[in-house]
Amino acid sequence: MKKFFIKTWGCQMNEYDTSIISNLLNKENNFLLVYSEKEADILILNTCSIRKKAQEKVFDQLGRWKKLKCENPKIVIAVGGCVATQEGKKMYQRANYIDIIFGPLTLHKLPFMLQQIKKKKIIIDTKSKKIDKFDYIIPQDKKKITKIISIMEGCNKFCSFCIVPYTRGREIHRFYKDILKEIIIAAEHGAKEVILLGQNVNSYVYREKENTVTFAKLLFLISEIKKIHRIRFITSHPIDFTEDIIEVYKYNKKLVNFLHLPVQSGSNRILKLMKRKYTIQQYKEIIQKILLVRKDMQFSSDFIVGFPGETQKDFEKTIQLIEEINFDMSYSFLYSPRPGTPAIKLEDNISIQEKKKRLQSLQNIINQQTLKWSQKMLNTTTMVLVEGPSKKDPIKLSGKTENNRIVNFSGFYNMIGKIIPVKITKISHYQLEGTPIFRQFIY
Ligand code: SAH
Ligand code: SF4
Ligand code: F3S
């Protein structure tokens, strides 16, 4: 039996793709997944190009694998993900020991490519107009408490800084019945929570003859699955955050009280340069409307610091917004110029020292806010979805609160997979400690 090793960088979409690849090779084609590069006959790299640093890592890694291939020329090296789609043939020109270059939309063809490579020197197949990779998903028979499921792929927004529309292609939305079927199977196997994945989940729409399934409708249909108790989604875009989605927050308690809604900057001038298509006023309106129907909502966001032309004043507006919304957490990055994106042409005259200083101060403020949100939870009882033994201390159990905090506590193994009330007794930033309350019901 041939053995494969797979290394993944990038977002959750890439993690998700890796799980499809692993299942496909494991089950259908009888390859064995191994966790050491040295044992493998096939080395697969699932790459990310969102920032320059992520992309640079790729050739360093390939260089290390080249050495393994020199020792054993039978090793097959396959590169997928966003760098592979973006660079295509150029990757092979730079590293001619690569055997296969595939992309996020062609990954289901990997078993076939692995067969063909015996006859060919290089296979490059990264593009596809169809989204048929989901037809190759093998239903999971493993127990998963949280089901991660992709509902759409690609992006039509073309923010001026972002490479994703060029690497993942235009939006393609999955057939809603396939999504529901996969979730129902997962629920039968013990899933209690779903995370809907996509670059812009809230632009989801599936049109049948007389039926249009919007994102709001999809949320409703999923919430009808009895055994599913929590619904999360990443990532949504402010311009598609329509009233009907806000309405779901009002009535549907299965939607968690935590929303990740990337804003990127607090300055309208910068948002315009970023081509984000909304203003800060519009963003704040969405938040206010959600808070009106759900008082206990917490928000997180993405920020890009040091976008070309960002003045100290623009940056201060971002800080102001962070304090005003009281974001609970964020993913914040220094702007990284990406080839082929419009922002690369913008004049960028801020020094890297200044950018780093701004990023640090933004992160300090968010960290303080995170801590304050956690402090509010001290001595309160919160519902925790128990996931398994704690990574920090395997004698303890670990689970997640609705607002995305990890809670470690002493409990019993039969609590795994259940949602139980836990009193929070100690806090740090994200990690909390607690004691289960046995009096109350468990479901
Ligand atoms: N579709 C999502 C984001 C996907 S990319 C959205 O629109 O919100 C994830 C994050 O990476 C972005 O939110 C952005 O903050 C960051 N990012 C994307 N391109 C970047 C670049 N060129 N430099 C720095 N950060 C970038
Ligand atoms: Fe990139 Fe913008 Fe699309 Fe998000 S919405 S993936 S930031 S182009
Ligand atoms: Fe990276 Fe591609 Fe995801 S660029 S962040 S792996 S969509």
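Including glycine, each Cβ sits where the backbone N, Cα and C put it.
Heads up, TrEMBL stuff is auto-annotated, nobody curated it.
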Report summary line: For the [4Fe-4S] cluster 1 site that TrEMBL gives as Cys11, Cys82, the extra residue out of Cys48, Cys70 is Cys48
Report task. Report the DSSP secondary-structure composition of the domain 'MTTase N-terminal' (2-119) as helix, strand and coil residue counts. Result -> 63 helix, 22 strand, 33 coil
Query raised in the report: Do any of the binding-site residues Cys11, Cys82, Cys155, Cys159, Cys162 touch ligand 2, in the sense that the CB is under 6 Å from one of its atoms?
Result: Cys155, Cys159, Cys162
Query raised in the report: Using Cα coordinates, what distance in whole Å links Cys159 ([4Fe-4S] cluster 2 binding site) and Cys48 ([4Fe-4S] cluster 1 binding site)?
Result: 17
Report summary line: Checking the binding-site residues Cys11, Cys82, Cys155 against ligand 3, those whose Cβ falls under 6 Å of one of its atoms come out as Cys11, Cys82
Report summary line: Excluding Cys11, Cys48, Cys82 themselves, the [4Fe-4S] cluster 1 site's Cβ centre has within 8 Å the residues Trp9, Gly10, Met13, Asn14, Thr47, Ser49, Ile50, Ala54, Gly81, Val164, Thr167
Report task. Would you mind reading off the Cα separation of Cys155 ([4Fe-4S] cluster 2 binding site) from Cys82 ([4Fe-4S] cluster 1 binding site), to the nearest angstrom? Result -> 13
Query raised in the report: Where DSSP helix means H, G or I and strand means E or B, what are the helix, strand and coil counts for the domain 'TRAM' (375-438)?
Result: 6 helix, 33 strand, 25 coil
